[in-house]
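Take a look at the structure set out below.
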Amino acid sequence: METKKGSLDWKNLQYDLQPWIKEAIASLGFPTMTPVQAATIPLLSGNKDVVVEAVTGSGKTLAFAIPVLQKVSNRLYDSQEEGEAPEKVKQGHMLAIVLSPTRELASQIQSVFNNVIEYLPEDKIPIKTQLLVGSLSTVRDDLDRFLKDKPHILIATPGRMLDFMSSQYVKMNSVEIAILDEADKLLDFSFEKDVVNILKRLPKQRRTGLFSATISAAGNTIFRAGMNNPVKVAVKSKSTTANSAPSALHISYLMIEPEKKITTLIKLLHDYRYKKCIVYFPTCTSVKHFYSIFQKIVNGNDNTESFKFYSLHGQLATKPRLRTLQSFTDGDVALNKHILMTTDVAARGIDIPDVDLVIQLDPPTDPDVFLHRCGRTGRANKVGRAIVMLNDGSRELDYVDFMEVKGVAMQEMPTPDLNQSDHQQFQDKLRKYMLDDRARHEIAIKSYVGFVRYYTKHMATSIFRYQTLDYLGIAKMYGLLRLPKMPESKYIPNDNMPDDGWLGEPIDMDKYSYADNQQEASRLENLNAEKIKKIADAKRRKELKVKNEAWSSKTETKETKQERREKMKRKREAIEKQIMEESSDDEETKVDWKDIVKSNKKKKANSGSMQGSFDDL
């Protein structure tokens, strides 16, 4: 939709908003609309379903928050006759729902709604919101609060919303508008079933809005959202017709050896001027691993400037996650450089002020997430810088062309001048850090294995080929002392494979201890039990050997007897042959020697019989 510069003034909005909403917008400091707001608010506030695709940081949240509040206000305040009390919403009913793929984004959306609602006049019925996300509270607690507070707007993640709706006390008949934020994610295989089931239970006459920076990735699944003749609103960057990123966002890539990624990251964090930075890691374990390393090594260096690190990942419970995000948002930029170390849990929709720099240690497995990550900076026309590290010596350079086809242009940045002695010094500190606690090395191994699994799940398999991955470089980056046994190790060339997998000086693993006394005591107990078992196994093997030797001797005795039998047989055959040779040459009178023996015995018997007869006389 084309919009002239003058038309972005709120006075020129082609829809008459509630007076209190106009005052709230002015008080919040929004002098003009963004293009996506100018195009979307009139449509969604009226009777149109919308599919909105706009670059990150373009004001999408306010573009649907205002229409939602407008519809709720119309329902609460315009339905009353003069002098009559306003019509209240029935028990167990709500007027609007907003679905979000993550808890953090849902919490942030609620904050946007509440910021506007603060300016609601006191003589009006209070508009209430409720957050429904997993782990923050039980479904039962959510239901009790819902029935007690009677909120008008529910902001939820799909799973918790579906569980909440299963209660007989929850009625969906009054819902007038439904919003799907980050709709491409909500309509992919991980959420689609839950989202479709939720939308099926809503009134057919409701209004529906789908919002995302990459809505086209959802394809035909958007038609399963139950919309009626939706209007598509697409707002692109003016910098280039093919660029999906905002013009104020500069995206660069850096070709670097895997082993030097962390030292390069540290140098970037030192050298760049920024207030807040988000660093994306591939897995939850890697966030925990490197967060601990940076706290101990980087912040422990007296020569460094002051850094404030935060850890945020999907394995954290909901309350710590929201608390961490709030602490990072509220961080005083005058005192420290603030660095959030996170996964894709903070890739979508999160709007944090003063984020000037985004660094990706590795590209995401889903190319659509790449732009969402980068979009955490360069928001609301503010200049932002995003950097992605690509593994040198691989085909990952093709990722640049791959993303350009998808409308994301990147520029190569020169490799930072990294002092080899500084790199070696960090590696020495990292090794000492590992040797101080066996538990650290176990986390390092989990991080390394998790990264390998992560790498094999890349959608662009022709670019990210795990057969050619620099496994040794990655292992050194994670600080491993020794390579773990895993199938992928077969891709390491034999010439490069270290002896017995050791990446440095071998150590005695039996003496490699935990820093935690309880863990170490348990390890020693298991080690002692294992030694006892080994001794018992050795004794049992020795007994079996003796038993096997006795059986072997018995076998030899049997073999000796067999040899004697065969010797006797040969001797007997020789006697037979001799007798045959001594027999008469007359072939007709040849007599078998056995017959002769029998005959002689018979004669003796007969003679004995006759002697006996004569004796009787």
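Think of each number as a place in line: the chain as shown, counted from 1.
Every residue gets a Cβ built from N, Cα and C, even glycine.
If you look up Swiss-Prot, you'll see 41-233 marked as domain 'Helicase ATP-binding'.
Counting only residues at least six positions away in the same chain, the Cβ atoms of A213, A245, P246, L249, L371, H372, C374, G375, R376, G378, R379 sit under 8 Å from the Cβ of T56 (ATP binding site). According to its DSSP assignment, T56 (ATP binding site) is coil. Taken from Swiss-Prot, the feature ATP binding site covers A54, V55, T56, G57, S58, G59, K60, T61.
Looking only at the domain 'Helicase C-terminal' (261-421), the predicted model's pLDDT averages out at 91. Per Swiss-Prot, the feature domain 'Helicase C-terminal' maps to 261-421.
The region 'Disordered' feature in Swiss-Prot is assigned to 547-617.
The compositional bias 'Basic and acidic residues' annotation in Swiss-Prot covers 555-566.
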Surrounding CB atoms that lie within 10 Å of the CB of S58 (ATP binding site), all protein chains: 24
Shell of the ATP site beyond A54, V55, T56, G57, S58, G59, K60, T61, same chain only (C-beta within 8 angstroms of their C-beta centre): T34, V36, A63, A213, V235, P246, G375, R379
Nonlocal neighbours by CB distance (under 8 Å) for T61 (ATP binding site), same chain, sequence gap 6 or more: Q108, I109, V112, D181, G349, D351
